[in-house]
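According to TrEMBL:
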- ASP32: active site (ACT_SITE)
- ASN80: active site, proton acceptor (ACT_SITE)
- ASP32, GLU222: Mg(2+) binding site (BINDING)
- 33-37, ARG45, HIS49, 77-79, TRP81, ARG83, ARG203, 209-211: substrate binding site (BINDING)
Amino acid sequence: MKSFFGKRKKKQTESLFKENEEIPQHIAIIMDGNGRWAQKKIMPRIAGHREGMNTVKKITKRASQLGVKVLTLYAFSTENWKRPDPEVNFLMQLPVDFFDAFVPDLIKENVKVQVIGFTDQLPVHTRKAVNQAIEDTKNNTGMILNFALNYGSRSEMLEATKRIAAQVQNGQLEIEEIDDSTFESQLMTAELGDYQNVDYMIRTSGEERISNFLLWQNAYSEFYFTKTLWPDFDETALEEAIGIYQKRHRRFGGL
Ligand code: FPP
């Protein structure tokens with residue numbers, strides 16, 4: 001496009017991403033848009049979930065190579081049980097297929113699998129596959145690939161509150177002693193240690209809401225919303241997103 005002065009304006013399509021600049025340590029992603037991706041291609045919704053699983057592989061690999069410490073992926077929420085049974089069943093099979101195919105790569109990449117969520121309510125085959133992947137990768141020291149499976153943040157916080165109240169009730173804890181770290185120690189993300197809080201929250205598909213995801217842990221995270229549907233989100237899209245993070249100025253309430 002020509003500007004008023006006749007010079008050709010440079011189109012803003014170049015990625016801002018720089019590999020040697022700050023990389024967010026904990027990235028959390030709401031992987032949205034699988035159903036719409038499939039419907040656009042006149043395919044059943046589950047085809048979108050299957051393609052979404054391939055995106056998980058690509059993004060895990062690239063995030064790990066870039067030095068991300070924790071990648072938390074919202075794979076199934078406590079509200080997703082409301083979907084039709086065949087779709088729920090398919091979503092419960094996906095972790096089985098994913099770990100079956102991808103654990104050797106995760107080991108090669110030094111990626112450690114962890115899970116947050118009410119996993120005791122998952123079907124046995126899903127729980128077994130998840131536990132096996134955790135076991136198989138437990139000695140890995142690189143990026144943590146943290147799946148949120150049957151996860152809901154409000155329930156997580158209510159359970160944490162109940163446990164803290166019980167500690168007060170039985171005299172283990174004084175009310176005045178309750179602080180951020182007391183609360184964080186009772187959250188499902190406690191095992192993430194220094195990386196418990198999210199630096200960058202990405203949601204694909206154009207929806208701009210948080211959907212009961214890591215409400216405490218996202219208190220000071222940066223948000224990035226993209227219209228790209230999850231199955232189309234690739235390594236370049238991740239780099240573009242990180243490039244935008246690299247231009248943000250995080251103030252944590254200060255100046
Ligand atoms: C939201 O898209 C997506 C989900 C509820 C499931 C996400 C799961 C995956 C991407 C695969 C996970 C892979 C592993 C390895 C566990 P949607 O179905 O709500 O899409 P829509 O908004 O277009 O309908």
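Cβ atoms are placed via backbone N, Cα and C, with glycine included.
Positions of TrEMBL features highlighted on the structure.
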{"residue": "ASP32", "record": "active site", "Cβ contacts under 8 Å, 6 or more apart": "ARG203, THR204, SER205, GLU207, LEU229, TRP230"}
{"residue": "GLY33", "record": "substrate binding site", "Cβ contacts under 8 Å, 6 or more apart": "GLY48, THR204, SER205, GLY206, THR228, LEU229, TRP230, PRO231"}
{"residue": "GLY35", "record": "substrate binding site", "Cβ contacts under 8 Å, 6 or more apart": "ARG45, GLY48, HIS49"}
{"residue": "TRP37", "record": "substrate binding site", "Cβ contacts under 8 Å, 6 or more apart": "GLY48, GLU51, GLY52, LEU229, TRP230, PRO231, ASP232"}
{"residue": "THR78", "record": "substrate binding site", "Cβ contacts under 8 Å, 6 or more apart": "GLY117, PHE118, ASN150, TYR151, GLY152, SER155, ASN212"}
{"residue": "ASN80", "record": "active site, proton acceptor", "Cβ contacts under 8 Å, 6 or more apart": "VAL88, LEU91"}
{"residue": "TRP81", "record": "substrate binding site", "Cβ contacts under 8 Å, 6 or more apart": "VAL88"}
{"residue": "GLU222", "record": "Mg(2+) binding site", "Cβ contacts under 8 Å, 6 or more apart": "PRO24, ASP199, TYR200, MET201, TYR245, ARG248, ARG250"}
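Screening the binding-site residues GLY33, GLY35, THR78, TRP81, ILE210, GLU222 for a C-beta under 6 A from any atom of ligand 1 leaves GLY33, GLY35.
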